[in-house]
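Student: Got a structure for you, questions after.
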């Protein structure tokens, strides 16, 4: 009788804690030679790193470049959603005409499905908008610290929504992340480069990333479990919802007065940003497929470290020892949380029926 509620609770818990479905992980994987598998993993991880880092630097250029001087962050985000929508529809049409050449689901706009996905789309809009606004107001080097509280929000929401307690060691790693975040804010302030606006947008982006994971798990059944269908409906809804925002914030008028509106270079960079936005979803799924969700988290943390170093070198910035310490605390705390969660999931799989009195009493 209670099967459905338990299933929803378990799905929500998995979304919050970053865990994967044990049944999915237990699927048989064809044995491949070690060197071939190692080469595949290296290529996929490299592709993820290049795509993700390139997208951040390109978005920074579009949002806050002195050479462009274009103050329309909502339009930049809207255009990237539009490119993603058109790419999804184009690939769907291509797959229909060439069924043996590529595998892509058929996409038809169903208003009932669009309404079902709408709550997620609102969170999705918040996530990508706050991400871009954070990147607009803070430097690329501080970007990862500015939006580093996703893990903390995961733990907090798991307690508020599921009444799930968190182990002492997991809470300790969250404490390290929070400490690194505050130290980073302090050091940005000491160097005179702190943007409280950008930092606030980073915190809101972190919250929306956590909420996006929850709503994604809940909404997936409405699109038959297809991530591509969900991507399509999410971006269609986003394009519609962004239009009144563009009018209310006066960005359309700003765009009409933009000196490079007819520049092929400008629209090429905008379109390239949309392509990277589309590609990041694909390469993320690819990395998880060829490694694991936990390895993907570790790879993301290492990528963030490389991105920070590249940003400091590219923009020729000089950072203090405590500034670097804050980054190491955030990255180290995130890696430690991933390791702790992996260890706890392994224990649960080995002992799937723990006693109730053995549950941790350490709450949030």
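Heads up, the Cβ atoms here are built off N, Cα and C, so glycines get one too.
Unlike curated entries, TrEMBL annotations are predicted automatically.
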Student: Labelled transmembrane segment by TrEMBL, one stretch among 34-57, 298-321. Can you tell me which?
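Tutor: Transmembrane segment, as annotated by TrEMBL, spans 34-57.
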Student: For the transmembrane segment (266-286) and the transmembrane segment (77-101), decide whether they are in contact, meaning at least 3 CB pairs lie under 8 A, counting pairs 6 or more apart in sequence.
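Tutor: Answer yes, regions in contact.
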